[in-house]
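Undergrad: Can you read through this structure? Questions will come right after.
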C-alpha cells in the first residue's frame, strides 16, 4: 500500500476530507491500474461511506479529464452537454436524449456524452442505435458531426479507455461509487454548458459546485422531487444553477410554465424499442406527457445553452421547435450524417 493510500484511508475512516493533491495522485494511480484491487475497493468504499466532498469529486473529475480521449472543436465554450447520472430507477424513456434534438434545432450546439444502459431499460447509446445512428465514430468524426449537424455523440467507453483499470473492482463491489457521478463531469469535448440530471437531491448542490470549480460557464443541475434524474412533470424539480460565476439553488414547478402536472407512468419503458417509439411520439408533436416532459427539459437545455434569457422564453422556443417539425428533422439529419462514417 502506498503512503498516500494509507493516509487517504485514514482520512475516510475519520470522516475527514482527502487533500486535493492527494486525491489527484490517488485517482491517477487508480486510472493507471497501479492500486491493488483490495486497496482500490477500500478507497472507493471509504469515500462513499464518508460521503465524497466537492473538492474530492473535483479532483477526481480533473484526472478523468486528463485521461480522456478528447474531441477537439473550435468553440467548446459554446457547447452543451446533456448527460445525467442515471440510476434513478424510474425506467422512463430517454428524455434528455430526445430533448437534445429539440435544443439543437433551436440553435444550441450539442456535445452529448453517453453510454449504454447500466440500470435503466435503455441507455442513450441504445436508443440512438435503435433510431438509426452510427455511434462507432472517431473523435475527429464526432467533431465533424458537431460542425455539420450541431450534434455530436461521444460514446463513453471510446473516450475513457482508462476506466478498464477500475471496471473489475466496480463490478465486484456492485454498489455506487464516486465513478457513478464522475461521468457527467468529464465531457471529452470540454462542453462549458450543461444540463445535468442527478439521482439524489444532495447531488444538486454538490455537482453544480464541482462544475463551478471546473470552470463551466452555464449549468443547470436538476432532480425531480419524485426521484427522477430529469426535470419532472410529476413533482417540483430542484435546480442548481451556475451562471455568470454565481450559484443559485431553487425549485421549479410545471404549473409555473403553463404545464399540467402529469404522472410518469405513461413514459415508462422496458426496452430500447419502446423508448424509440416515445422519442418519435414526442418529436412528432403528439399531445401528451412524452412531448411535454421533453419540451420542459429541452427548454432548460436551451436556457443553459444561452439561446434564451429565461426559462419561459426557452420553453416557448422548445415547443415551437417541436411543433414546426425542425426537432424531428434534426433527428433524421443527425442519424443520416453518422451513417456516412460506417466502416
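Glycine is treated like the rest: Cβ placed from N, Cα and C.
The shown structure was predicted, so the numbers you read here are calculated from the model rather than taken from an experiment.
According to Swiss-Prot:
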BINDING   84, 115  anthranilate 1 binding site
BINDING   84, 87-88, 92, 94-97, 112-120, 124  5-phospho-alpha-D-ribose 1-diphosphate binding site
BINDING   96, 230  Mg(2+) 1 binding site
BINDING   170  anthranilate 2 binding site
BINDING   229, 230  Mg(2+) 2 binding site
Undergrad: In angstrom units, rounded to an integer, how far apart are the Cα atoms of residue 229 (Mg(2+) 2 binding site) and residue 116 (5-phospho-alpha-D-ribose 1-diphosphate binding site)?
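TA: Pair distance, Cα basis, whole Å: 16 Å.
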Undergrad: What's the most sparsely packed of the binding-site residues 92, 96, 115, counting other C-beta atoms within 10 A?
TA: 115
Undergrad: Taking the Cα atoms as reference points, how far is the residue listed as 'anthranilate 2 binding site' from residue 92 (5-phospho-alpha-D-ribose 1-diphosphate binding site) in Å?
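TA: A Cα-Cα distance of 25 Å.
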Undergrad: Express the distance between the Cα positions of residue 116 (5-phospho-alpha-D-ribose 1-diphosphate binding site) and residue 84 (anthranilate 1 binding site) as a whole number of Å.
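TA: The separation of the Cα atoms works out to 13 Å.
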Undergrad: Among the binding-site residues listed here (92, 113, 115), which has the Cα closest to the Cα of residue 230 (Mg(2+) 1 binding site)?
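TA: Comparing Cα positions, the candidate nearest residue 230 (Mg(2+) 1 binding site) turns out to be 92.
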Undergrad: Which residues of the same chain, at least 6 positions away in sequence, have a Cβ lying under 8 Å from the Cβ of residue 84 (anthranilate 1 binding site)?
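TA: Expected: 96, 184, 196, 197, 198, 199, 229, 230.
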Undergrad: If you count other Cβ atoms within 10 Å of each one's Cβ, which of the binding-site residues 113, 116, 170 has the most?
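TA: Max Cβ neighbours within 10 Å, all protein chains included: 113.
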Undergrad: Provide the number of Cβ atoms within 10 Å of the Cβ of residue 230 (Mg(2+) 1 binding site), excluding the reference atom itself.
TA: 27
Undergrad: For residue 229 (Mg(2+) 2 binding site), list the number of other Cβ atoms lying within 10 Å of its Cβ atom.
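TA: A count of 27.
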Undergrad: What is the interatomic distance between the Cα atoms of residue 115 (anthranilate 1 binding site) and residue 92 (5-phospho-alpha-D-ribose 1-diphosphate binding site), given in whole Å?
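TA: Here the two Cα atoms are 16 Å apart.
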